[in-house]
Amino acid sequence: MLRGPCRLFRVSVAPVAALAVALVSSLSRCSLLDPENRVVSPLSPYFGTKTRYEDANPGLLPDPEAPRRDPQLLEETCTPVQLVALIRHGTRYPTTKQIRKLRQLHGLLQARGPGDDRIRAAGGGDLGAVLANWPLWYADWMDGQLVEKGRQDMRQLALRLASLFPVLFSRENCGRLQLVTSSKHRCMDSGAAFLQGLWQHYHPGLPPPDVADMECGPPRINDKLMRFFDHCEKFLTQVERNATALYHVEAFKTGPEMQNILKKVAGILQVPVNNLNADLIQVAFFTCSFDLAIKGVKSPWCDVFDIDDAKVLEYLNDLKQYWKRGYGYTINSQSSCTLFQDIFQHLDKAVEQKQSSQPVSSPVILQFGHAETLLPLLSLMGYFKDKEPLTAYNYKEQMHRKFRSGHIVPYASNLIFVLYHCKNAKTPKEEFQVQMLLNEKVLPLANSQETVSLYEDLKNHYKDILQSCHTSEECELPKVNTSDEL
């Protein structure tokens, strides 16, 4: 954790691009404040998939490097023998698409007329003018890359997990860790930052070497596991590239809740309402979240919205995630079964090795992916299912919904399977038990709400998924008969 004042370094002559990278990097490092200096916003609980990990897990705020032991974790009567973790990348920059929309909105503000003198005379101020002059520091090259805060997310997660499961993360086991990642740079860099956190745990005070030179080794890319959705032609054709698949998202954008916000924001920014749309409103809202997460700054973009607006905009984000990520259209959750199988194959192997008195060959498996990796898997496992689907027309009825993406998959979110060996078990079946954690909190079983399961019982509960997972068949498009009938 950085302490003391931050100083921007001086440069004499440098290419513009290099200067921009250095300046943003320095600003990012300066934003990593101590917990007591952390910038907060009342909008933070509603940022959906752009939510900071600590906002979804506030118990970490007093000391983000200290382990937070859930009291429901198994005690010393059982020993953890393997951990399989699926981890979303840390805090990232906006994508180029989001940055260009923000640039479009910023251009509208800079092109405004002189404004309404009556508003200013009444003391209303001119937030539009403030935002027109607010630095637009996001650049196309950032395009979803991991930021320094995201690296910190990963380092701190590594320190907490290593302290929480010291036997599994011992230095002796470092060379037996398995790391798998998506090919996206934000995931690869998250894996590297996690390893740097482990180095800090093993060698306090020593600067980490290059990841390629660490005994733990660099993460291995496997997109068929971590980006399974990109390899499912049925999902890509019927959902991702289908203009009508997100009907409820588009309908909500033109519905009364969003239109009220559109008119309100047009008045606040003093721009014609016809120049705005739901996408621009949403990118303005997310800019508040990006400024908070990346720079630790509560920017004027946050002042455009109140909590009622934030709840509507969160629902818009949740609608998109719901229909694309395996809750509305099940093809995406079905295609995640290969990843689910892979997890249980690791657990099976560990059980077999313990039963034959062999050391577990891979005590820790770390897989770095995306919100799009985690949500379909959680859907497949039966979690966060509401009685009624989220639609464009039941916003008020869904105010207390289970599916709130920011509470489930914030930046650095994690789903962890811990396999325990219980020496004093009364029966062979009770010898191996499993707990699952979501964002470092014990996740009760979807079918029973119990906090621990016998391994064989968990496998039996999911046997239909594990035994009938045929992704190539599930993802194959129906064949069209083009032959002419006689």
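Just so you know, glycine gets a Cβ as well, placed from its N, Cα and C.
TrEMBL: automatically predicted annotations, no manual curation.
When the candidates Cys78, Cys174, Cys187 are compared with TrEMBL, only one is recorded as disulfide-bonded to Cys422, and it is Cys78. Record source TrEMBL places Cys302 in a disulfide bond whose other cysteine, from Cys288, Cys337, is Cys288.
In this structure, the CA atom of Cys288 (disulfide bond) is 45 Å away from the CA atom of Cys78 (disulfide bond). Neighbour list (Cys302 (disulfide bond), Cβ cut-off 8 Å, at least 6 residues apart, same chain): Ser41, Leu43, Cys288, Asp291, Leu292.
Here the disulfide-bonded residues are Cys78, Cys288, Cys422; the one with the fewest Cβ atoms within 10 Å of its Cβ is Cys422.
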